[in-house]
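Report on the following structure.
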Amino acid sequence: MASPPRGWGCGELLLPFMLLGTLCEPGSGQIRYSMPEELDKGSFVGNIAKDLGLEPQELAQRGVRIVSRGRTQLFALNPRSGSLVTAGRIDREELCAQSPLCVVNFNILVENKMKIYGVEVEIIDINDNFPRFRDEELKVKVNENAAAGTRLVLPFARDADVGVNSLRSYQLSSNLHFSLDVVIGTDGQKYPELVLEQPLDREKETVHDLLLTALDGGDPVLSGTTHIRVTVLDANDNAPLFTPSEYSVSVPENIPVGTRLLMLTATDPDEGINGKLTYSFRNEEEKISETFQLDSNLGEISTLQSLDYEESRFYLMEVVAQDGGALVASAKVVVTVQDVNDNAPEVILTSLTSSLSEDCLPGTVIALFSVHDGDSGENGEIACSIPRNLPFKLEKSVDNYYHLVTTRDLDREETSDYNITLTVMDHGTPPLSTESHIPLKVADVNDNPPNFPQASYSTSVPENNPRGVSIFSVTAHDPDSGDNARVTYSLAEDTFQGAPLSSYVSINSDTGVLYALRSFDYEQLRDLQLWVTASDSGNPPLSSNVSLSLFVLDQNDNTPEILYPALPTDGSTGVELAPRSAEPGYLVTKVVAVDKDSGQNAWLSYRLLKASEPGLFAVGLHTGEVRTARALLDRDALKQSLVVAVEDHGQPPLSATVTVTVAVADRIPDILADLGSIKTPIDPEDLDLTLYLVVAVAAVSCVFLAFVIVLLVLRLRRWHKSRLLQAEGSRLAGVPASHFVGVDGVRAFLQTYSHEVSLTADSRKSHLIFPQPNYADTLLSEESCEKSEPLLMSDKVDANKEERRVQQAPPNTDWRFSQAQRPGTSGSQNGDDTGTWPNNQFDTEMLQAMILASASEAADGSSTLGGGAGTMGLSARYGPQFTLQHVPDYRQNVYIPGSNATLTNAAGKRDGKAPAGGNGNKKKSGKKEKK
């Protein structure tokens, strides 16, 4: 059998086939190429980059790749040249068998555009296969009495090539008895038959050897041969006969294995062994013998395995009936396989985007997929669908490819991920369907600012809070995810009371907890207005603000402060006066107190905590007024000591106490006589302070005395010189020496400083007052100096006292008290100028000293008798009324339960000046002395 080389003739056909490979139609979305089979791996098929409108280097950048369904990749892309090349040798006969047109379809995917192009490559057949008989030798039997024209069926040859390269003709070697006739069957196959031309004579020649040659139409021509041995038999008059000679049957592809398809019947009129027929497949192919079974006695054809329409749509076979005399008859059988909807549609995902940003535009491609159904006709028609309530749709692409695209904007906060159910269904009966799930995550975009649950917040913190204590917590929610939802908190920059807001409070940037950076004082700070900003960590970040009102709650941290009577600072005791003639309810004094707190913590109540004479005095609960509870009796002591407690209404309540000393007397001498017995407890620390003050005053006094002595000496020397000059010059009579130094010079010095001895309840302890401006020009006169000069004539005090006892001068009318200055119930009693007031020189001088001390105290705001400025240490009724000029104004915090009165600041009572009438009287006294 001839077997020419496979590559023979291929080189001559390569050039025209390469030219065919450049044919394409890029404008239609379907690219077509042609190429010959059996090219080497990497052979050029077409310039795919050019046909796609791309540069070669863009193939990799754009993700261009080949996609095909369930088939070994026959082609590849050359990224350097942009060409479509073969991935290996392509055998057309293996790929397409006897199909006259061999076309390979696949798709080119441009990944970044989610666009797909169809590519069709036609494989051109070359003459690389020679005709081939199944058997190299065939034995044929024929009766010797066979008539001329008897036909014997010969085996036919097969050529895997198609077209002009397929089988064209047969040739029979030359002989005397037989000729060759070629019959074309209904399937287009050429069947050779041996025709008897001359009668046979078994006795002359028993065996005839012939050579049958099959030729194709290629160039060069390829051929195949088989050897035929014809054996001459004795006579068999009748040959078998099929009626009809061709059989056809259609069966569904899903018939069970072993199903009988049809029964062939042949007849032979001979008898005996010559009439017994046996059936067999002629030229039995392996595929036929594996699929079908032929009963050799009955001629019944049945299935050996399942039929598959998608694998083979029909089967062509030839059945031979042979009798015992070697006569045969043949019949052709065509089994057509009918398609059954037994294949569910198939979904093949070609490209998929697993995550999509929520700000993508409508029409964005999510996935590219293809569908396939192995059935045909309506059974192979496919419909695709997805749920209607999703923001997606399907768009048909080339062939059976579809795009899954968005139809509207996506919102991750509404739906963060989708599981898209893709349903493909064929049109068969019953229809078959397949579901495929396409997952899609929606990537977050920072499109939502943090959101506070409330438009504003308010909270409170008690004053005196510890530093670093947690005040409040705010929380904002961001519906985004990841960094876009990570919220940080901050406070808006601001200043309060000259200090940055960040020095008052801070906020934890992660938790939103506010902390106090200082201890708040309600009396200084009552509320703070803050703006809290919540910002996410997106790009760009989004933020929102909320207002926070922080209120400081008052705590009862301030004890009541007693304004009147003022607490003494020098150990002296203030004295209030109550006449023995006072009736019950007589107003002795009023305790005035304030509390820096507010509200209930500032409500004050007064009570008498302790009294030397219980039941004699009562204190108003809400007013603080000290009044007599009963009439004063003679047996009541001159000095009454009251301890008044002032208490607020806080929790727990705080209180303060003050000791009020009340002098019970109708006359000043009675008061003065007992002043020495009024003492106040002295703190040891006050004694130390007093000692230091005494030492300091003593030192200053020594310096002052030295200066005065030097001044007096100078004055005496000047005066002595002037007297000598007068004696020598004018010889005038001498003037007697005065007992005093010149008062004019001393008074000039006293205009600057003076030392005073204060008569207080503790006068026996020699309290001294610091140097202060002198009021000698208004309180002293030359006459008073002649009467008593304690600074110059201290050694003559006792003599002067004794002289005054003997020679009592008439009282000085300049020191007589006016009606407004006399004791009484705050000027409520009338009387004349000559009352029970000082009627001797001793009383007058005592009152002068007291007035001098009071005037000095009024100048510096001190009080030696505890009565306050300008009170002479007696009572507010005997001097200027109590003023609040040196006290902080807390009147807005004072609430007096049970009374509508509020504290006022009367300008007329704050100047602390003595009555004008007193000063005028002193000036008149000076004029009299000058006269």
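Note: Cβ is positioned from N, Cα and C throughout, glycine not excepted.
Residue annotated by Swiss-Prot as N-linked glycosylation site (from the set ASN419, ASN900): ASN419. In sequence order, ALA492, TRP531, VAL532, THR533, ALA534 make up the list of same-chain residues 6 or more apart from ASN545 (N-linked glycosylation site) whose Cβ falls under 8 Å from its Cβ. Cβ neighbours within 10 Å of ASN419 (N-linked glycosylation site), excluding its own Cβ and spanning all shown chains: 9. Summed and averaged per residue, pLDDT over the domain 'Cadherin 1' (30-133) gives 87. In terms of DSSP secondary structure, the domain 'Cadherin 1' (30-133) contains 17 helix, 41 strand, 46 coil.
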